[in-house]
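Enquirer: In case it helps, TrEMBL gives these features for our protein:
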- Glu164: active site, proton donor (ACT_SITE)
- Glu362: active site, nucleophile (ACT_SITE)
- Gln18, His119, Asn163, Tyr294, Trp405, Glu412, Trp413: substrate binding site (BINDING)
Amino acid sequence: MTDFPEGFRWGVATSSYQIEGAVDADGRGPSIWDAFGAVPGAVAGGDTGAVACDHYHRMPEDVALLGELGVDAYRFSVAWPRVLPTGEGRVEQRGLDFYRRLCEELLGRGIEPFLTLYHWDLPQALEERGGWRVRDTALRFVDYALVVQEALGDLVSKWTTFNEPYVSSIVGYGEGRHAPGAREGHGSLAAAHHLLVAHGLAVREMRSRRPDHQFGIVLNQSPSVPVTSSPADVAAARRHDLLLRRQFTDPLFATRYPEDYAETFAGVTDASFRLEGDLGVISQPLDYVGINYYYRQHVADAPHRDPDPATRTSIDIGIDTSRLPDVPRTAMGWPVEPEGLTETLVGLKERYPDLPPVYVTENGCVYPDRPGFDDHERVEFVSRHLAAARDAMEAGVDLRGYFVWSFLDNFEWAHGYKPRFGLVHVDYETLVRTPRASFHWYRDLVAGQRTRSGRVAR
Ligand code: PNW
């Protein structure tokens, strides 16, 4: 492995609903994922996050494992319904205390907390008032963010507002594959916008209280590649790129709405959720942007499924993303294309010259387990993506760190527990944690890189 620069951050990532379990502990309120998990057929195997990895009760053991891994950064999320059980009003101190203890344990082992405020577990009470379709939820988010900053601001200085607003809005309110399971056009596009407004308002308020803190957002990004060079497929790939990326990145990093938005969503939305001044709020200067990269998107032109724009969902934009290239795939069925990470990072920098520094905040894979947890495919996957990240740095991208998804096997949303992304295997019967071969490999890699930077630093 080529060397990374001194100070490059090495981490692993998780999220609250995917690992914590303990959904009724210490006054936690229900989230949209608790409600969604109760809908028959919504999650594979009827799995729910009720127990998950029971991280809420096993946190010190898990942080000890992070210490063994030797990472210097841990990306996790705070569950809004643990802090404000109904999304607003009464603060649940026991929920905050858990995250305080987590941060103290991390710092005690020299691991910096990279805290995400929202990784998809909206308090159900707010969903019942419209969820992200309504602007009021953005205001409630700001209040929540300030409660957490006030409680943990002496321990945490890296604050990510949202993980993948695309998934919260378009997969949750458009495709319906995620909570809250809605299939809407206008509603899901309103959700996308309100998430961005919530981000901008929260950054503005949090920064005014703690100018010394660092603020960012995490976006899932990947190139949208047309399956042929025909004008129809090229246009389809551009529509897909708008849906997945530019409806978020243009407002965030260029203070504009994409010029092809109205045409792509004609009849689906009139964008009446946009208010005067929103772009100025959304485009707050950021200290970093996190990129989650898994695979490239391959897009072909296709007919709309619903001929009537008025009843169409936002994902029904005349595209087919099922035509995958003839390359090896992971057990998720995702094509392995590390060069897509280089293209993503370099492409972002080209489109947005003022892009803030970047972290790869998620990257990882699933393969079937074999006896002894010798997951050499994962080792190869991560090392090839690290090489691709290095290529992007050579090309001028200011990349500051890399986080493997994930530290532990966990609740993989609508897929339930079957896909295992962890460097650490979790036995869901006994909850015993067993490091895989990739854990030991990553530990050695990180140790080598950190010793090297240590030596350079002295
Ligand atoms: C990420 N989808 O994104 C998430 O941030 C993690 O929580 C998740 O476990 C990881 O990827 C692996 O899937 C996703 O469209 C992005 O279904 C998109 C989807 C799911 C997860």
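The backbone N, Cα and C atoms fix where each Cβ goes, and this holds for glycine too.
Predicted automatically and left uncurated, TrEMBL annotations should be read as such.
Keep in mind that this is a model prediction, so the values were computed, not measured.
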Enquirer: Might you list, by sequence position, any residue in that chain lying six or more from Glu164 (active site, proton donor) with a Cβ less than 8 Å away from its Cβ?
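Expert: When sequence neighbours closer than 6 are ignored, Glu164 (active site, proton donor) has Val218, Leu219, Asn220, Asn292 within Cβ distance under 8 Å.
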Enquirer: Mind checking which of Gln18, Asn163 has the fewest other CB atoms within 10 A of its CB? They're the binding-site residues.
Expert: Asn163
Enquirer: An 8 Å radius from the center of the Gln18, His119, Asn163, Tyr294, Trp405, Glu412, Trp413 Cβ atoms defines the neighbourhood of the substrate site; name the other residues of that chain inside it, in order.
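Expert: Checked against the 8 Å cutoff, the neighbours are Ser15, Glu362, Ser406, Asn410, Phe421.
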Enquirer: Spatially, which candidate from the binding-site residues Gln18, His119, Asn163, Tyr294 is nearest to Glu362 (active site, nucleophile), comparing Cα atoms?
Expert: Tyr294
Enquirer: Here the recorded positions are Glu362, Glu412; which one has the lowest number of other Cβ atoms no more than 10 Å from its Cβ?
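Expert: Result for the recorded positions Glu362, Glu412: minimum number of other Cβ atoms within 10 Å at Glu412.
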Enquirer: Quick one: give me the count of other CB atoms within 10 A of the CB of Trp405 (substrate binding site).
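Expert: A 10 Å sphere around the Cβ of Trp405 (substrate binding site) contains 23 other Cβ atoms.
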Enquirer: Ranking the binding-site residues Tyr294, Trp413 by other Cβ atoms within 10 Å, which is at the bottom?
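Expert: Tyr294, out of the binding-site residues Tyr294, Trp413, has the fewest neighbouring Cβ atoms within 10 Å.
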Enquirer: Would you count the other CB atoms within 10 A of the CB of His119 (substrate binding site), including those on all shown protein chains?
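Expert: Other Cβ atoms found within 10 Å: 24.
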Enquirer: Under DSSP, is His119 (substrate binding site) helix, strand or coil?
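Expert: Assignment for His119 (substrate binding site) reads coil.
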Enquirer: What three-state class does DSSP give Trp413 (substrate binding site)?
Expert: helix
